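Per TrEMBL, the features are as follows:
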type	residues	note
ACT_SITE	367	active site, nucleophile
BINDING	94, 385, 386, 387, 409, 438, 439, 460	L-glutamate binding site
SIGNAL	1-20	signal peptide
Ligand code: DON
């Protein structure tokens, strides 16, 4: 089987020991996101009397301005919500394959995957869902007029955003890749340094047109015509009809219990909720708090559950509108306990005996997650993405934004790894109008029937295991929410058969002992695993924000 080159780019500092280990605490409401500017705009909407859904619209669009690395209007995402009255639901605004897409569109005549075709440039772009997503949220749940919500975002795009050290690194790391696809004249291809201000006048104009004409501006109006023309001129296949046909889907989230917690997470076409449910159900019988945080025994139990869950993920999961998913079996306690029967603490279970296939991992890419709780107790968890860093690297100077490369989340060929080393099966093969399988895991946790945690993260295939570890850090290991998001993480995904560890964060004797038991320890490939933004409701009902120290992330509340 073909091996994929390992390309890891260290874009985030690891957390220094001086990093705050105490959460930001707010009386009423809180937004935690990847950029302070976006959290502040979301929090301002809440302060003005908007609800969590208004703040979702504002934060999502503000991230498209302040965090073009992953924030977007050229991509898509998922929202899980829990209203103050306990009503829950989920919105799928994932991208869709264009109507001209075919199962073999990324293969050459001999049936081999053509490198780069599903990851760079116009052919990698799925029909974007973000604008439809925010309008659907606003229409169903919004309180404030769209004008009030979008005005500060448009003002931010005009005034500009100051480049952080992290953003300087992102832009310089991907400058060549952006130039290769979008040309050196493109705005974001310039050299920027920390402290510079980047203004986004073209994006401000696009947003202004969307505000004036509504959702259809992006899908049927002048903007739609510009998108279709631009994509086709660059060799892509998205048509005006594809845009016109795009629709979001309201979905029933995945629900499951872990001890005294009830967890509400994203359903297919994300694998997040089901895979998280499988892992947590498999590990529930083991006394993790007695084993200890990141102890060898804990690492083994989590790794073995992850191995079994990801094997199922890759085989069974895909767009539920196209694929029959055996939900009941995949989530059944009996089935999951049986899956763990082959686990022995003495020895790693080789992934080849859990299923078949040989692959390697994984490019470092980006997505972004934000968590919001408002003054009434409404909560939203949203993960949104362009897939790769700056998506397909295709940037429209006229419209002012990057397009996604989400098509790479499909299985271009059954058994071949995508850029996260994830291999897929028929369930996730490409078909016109189909949604590609995701790992995004926006999650809400209830305790004793009340809102307890809101969380999620970027990180491709490591999203699910990062969300898992943060919940366990709070529930099993007694951490506050800031400690829980900062704590070192590890990851396993069945294939490749290796366990990734954040480097230098785990005692060597544990890693050596794991190696002795047959685990393939890898401290090289993942300098950072996930970038979790979370809120916890404490016993006094206050909102505690945990913004991951691995990025520029920030909690803003009042
Ligand atoms: O939907 C997915 O699972 C991926 N497109 C997410 C990409 C991602 O998290 C990149 N971030 N590191």
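From the backbone N, Cα and C atoms, a Cβ is placed for every residue, glycine too.
Please treat TrEMBL annotations as automatic predictions, because they have not gone through curation.
Shown here: features listed in TrEMBL, placed on the structure.
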residue : record                   : Cβ neighbours (10 Å)
94      : L-glutamate binding site : 31
367     : active site, nucleophile : 28
385     : L-glutamate binding site : 31
386     : L-glutamate binding site : 34
387     : L-glutamate binding site : 32
409     : L-glutamate binding site : 28
438     : L-glutamate binding site : 29
439     : L-glutamate binding site : 29
460     : L-glutamate binding site : 28
Conformational class of residue 460 (L-glutamate binding site) under the three-state DSSP mapping: helix
Coarse DSSP state, helix versus strand versus coil, of residue 409 (L-glutamate binding site): helix
Cβ-centroid neighbours of L-glutamate site 94, 385, 386, 387, 409, 438, 439, 460, 8 Å, sequence order: 76, 367, 406, 436, 440
Maximum Cα-Cα separation in Å among residues 94, 385, 386, 387, 409, 438, 439, 460, which the record lists as binding L-glutamate: 15
Cα-Cα distance linking residue 367 (active site, nucleophile) and residue 385 (L-glutamate binding site), given in Å to the nearest integer: 4
